[in-house]
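Enquirer: Take this structure first; my questions come after.
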């Protein structure tokens, strides 16, 4: 099913801004289990310089994200965004977006069947993130975040949502239900122009993008429905691209040790996957994942070369990806780590983080980057078999990339 997005009305102030990329700059912080920077991959340049004194590598990343180096934008468009589904990713999205003073998106509506009071409460108080350091309040059919009013609607049928009446540009589809073109396309039938799915897309008619890897391929005219892939694909794809470019990947196997998710059962109960039917709090649960194969959607040279499984474990957040691969080029541990360190400081700064400390999962909670290389665990067997271990905050880091992809879409708005 193909959809053609109508030309959107420009709704914005008439300011112009020179934009650049910066790895991790603090815009706002929330208080919780630890202080965390809320960062934007696309940020205003420092005064006095089009590039703000940052490296050529950062400028190169800017080129990939926006398609323009040191470009002065005309009327800055605030595209109108609605969120369908206000669960873990939906609420993380709001926190990430609220921390960006330069966002070209304006969240104006949330579809949540739990109601205004619950939506407001769960946004403010979070067992993983801690209390949101923002002014959050509930009205009759709205919530307010730092003075910005967001309408709350409640309808399980996307065709009946008020996207046309509210002039919605982008729907962030965060239910995990409408992940194919016919399902996500219902938002467009209801009046939205574009759909951004916060899960792997299924079937044809959906563009898959991983920021830092292939977001330069996004085209406003070509894609009406896009997917931000999965959190695990966002972890794997950046470092697999680096290793494939540097050493030439022949084949590989991945295991992700993944925190439990809302799709599992707290206590034993029915589920289509009999392993996921067992208590998430008590078991290591082996299950399937398409994350490894999906890497090929954004790194085509890896098509048919990767596969893997997931082990769901009794932790609420932060996961770790273990990839063993055969490569063409003979190498050694220090060379592998050197390539990953170089990427983390250069072209993939803000996407790959490099760690040489003996840390555990809780230490990575709230990390903005998509992947954290645990360099002490890198191994090379013989001279052509590599093992790389990478952590990722499967909620927060992923949600940062959803916001980033939304910004990529917004900056091409017509």
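Every residue gets a Cβ built from N, Cα and C, even glycine.
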Enquirer: Swiss-Prot records 230, 231, 232, 261, 289, 290, 312 as D-glyceraldehyde 3-phosphate-binding residues. Which of 272, 276, 365 is assigned to the same site?
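Expert: Same D-glyceraldehyde 3-phosphate site in Swiss-Prot: 276.
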Enquirer: Quiz question: given the binding-site residues 230, 232, 261, 289, which has the greatest number of C-beta atoms lying within 10 angstroms of its own C-beta?
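Expert: The most densely surrounded of these binding-site residues is 232.
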Enquirer: Measure from the CA atom of residue 89 (NADP(+) binding site) to the CA atom of residue 232 (D-glyceraldehyde 3-phosphate binding site) and give the result in Å, rounded to a whole number.
Expert: 14
Enquirer: Using C-alpha atoms only, work out the spacing between residue 89 (NADP(+) binding site) and residue 231 (D-glyceraldehyde 3-phosphate binding site) and round it to an integer in Å.
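Expert: Between the alpha carbons of residue 89 (NADP(+) binding site) and residue 231 (D-glyceraldehyde 3-phosphate binding site) there are 11 Å.
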Enquirer: Between C-alpha atoms, which of these binding-site residues comes nearest to residue 231 (D-glyceraldehyde 3-phosphate binding site): 112, 156, 394?
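Expert: Among 112, 156, 394, 394.
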Enquirer: Tell me, in order along the sequence, which binding-site residues from 88, 276, 290, 312, 394 have their CA within 10 Å of residue 258 (site 'Activates thiol group during catalysis').
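Expert: Neighbours among binding-site residues, in sequence order: 312, 394.
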Enquirer: Including all protein chains shown, what's the count of other C-beta atoms within 10 A of the C-beta of residue 394 (NADP(+) binding site)?
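Expert: If we count other Cβ atoms within 10 Å of residue 394 (NADP(+) binding site), we arrive at 24.
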